[in-house]
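For reference, the structure is listed below as structure tokens.
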Amino acid sequence: MIKCYPFNLLFVNIALICLDVVLAFIAFFQLCRIHLRNQRVGWTRQKVLHLMIGSSNCGYFIYFLCMVVATCKRWLCWSNVCGFVLMALPKILFLAAFLLLLSFWADLCHKANDEEDGDEENSSRKPLLETSKTKVGLSNIDIRRKCCSFQGIRVGSRQKFVIVVIVLNVLLIIAFAAIIRIEQKNPSDSLVFARVYIDFLATLVLLMGVALGCYGFLLFSKLRRVRSEKASSEMRKVVGLAVVSVLCFTSSSLIALFTDVLLFHHWNPEKINGIKAPILLILHHVLGSSVPFAFGLWFMRELPAPSTSNRQVQPRAITFISYGPAGRHHHQYWPTSTSLEKQVSRTSPN
């Protein structure tokens, strides 16, 4: 295999495969812990985010593995439809995960003026995809139905926007794959279409990074008026992920826009715009995927409070995607933060 694939690129591919496997394992392991901790609650944003992160890293694992195998086995479809689809799908899951996070931050910043979700005031532990509450004395069958069934799905307006964006991107992938398939006899034309989609996706990621930075700054300015240890902790999380998002998304988008790093399935990847391919591949994947995912998993490492059948756990102020036991709020020390605290509690991802 070394003879049919450059050794330096092979080493980089193996390293990136191992990195993706580790991140996927952490995401799915944490998802299992959250589910076992809180089985009576349906699909929360925390669970969905872990599922998307794990699935995206599994997709990257398949892509990098197939990149080596297809080159050595000389798969005819790899330089056209197969390589393009396997390159694009993990990025869509990546986009979905951070758009979901962005929608949560937007809920926190605009909840006071959003009347659509007013019925969620006393349901901060309501799941993302389920509106019915867990009742006392639910049987194991009822619990399984609640966790696995998608009947009565209801999502907020901003989550609907996330779903629309992702569905449109999937449709674009299908359309571009069909065009590339039709134009496979003319490699230059199929390459142009692949380039157009890559530029579009890179621009979308760049805009998402800017949006996360802006909403992160808004949340930071609101949290500065909240006098509590929890608010300080959430401020660090918001600022940390906002800065990481802006830096990493901007860097990876510029690499995708001005180089051919995402066209490895089409080119001989030994040289790309005069820069060694391994450097570009590492920078784009690590900055554009691995680092943001790692920060997200670290910030979401807290487990939710265990669900109970006879009482409702009162939420504490949460501005990220973390869970915790009930806490007492001393409002006499927060004369300027009552509105923010209500928004945070009402839009908890639980």
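Yeah, the Cβs are placed from backbone N, Cα and C, and that goes for glycine too.
Predicted, not measured: the structure shown is a model, and the values here were computed from it.
TrEMBL has this to say about the protein:
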type	residues	note
DOMAIN	13-113	domain 'THH1/TOM1/TOM3'
DOMAIN	158-310	domain 'THH1/TOM1/TOM3'
TRANSMEM	6-29	transmembrane segment
TRANSMEM	49-71	transmembrane segment
TRANSMEM	83-105	transmembrane segment
TRANSMEM	161-180	transmembrane segment
TRANSMEM	200-218	transmembrane segment
TRANSMEM	238-259	transmembrane segment
TRANSMEM	279-300	transmembrane segment
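If you look at the transmembrane segment (238-259), the same-chain residues 6 or more away from its ends with a CB under 8 A from one of its CBs are 98, 101, 105, 198-199, 201-203, 205-206, 208-210, 212-213, 215-217, 219-220, 223, 272-273, 275, 280, 283-284, 287-289, 291-292, 295-296, 299, 319-320. Within its own chain, the transmembrane segment (200-218) is flanked in space by residues 88, 91, 95, 98-99, 101-102, 105-106, 109, 169, 172, 238-239, 241-243, 245-246, 248-250, 252-254, 256-257, 288, which lie at least six positions past its ends and keep a Cβ under 8 Å from the stretch. Secondary structure of the domain 'THH1/TOM1/TOM3' (13-113) per DSSP (helix as H, G, I; strand as E, B; remaining residues coil): 90 helix, 0 strand, 11 coil.
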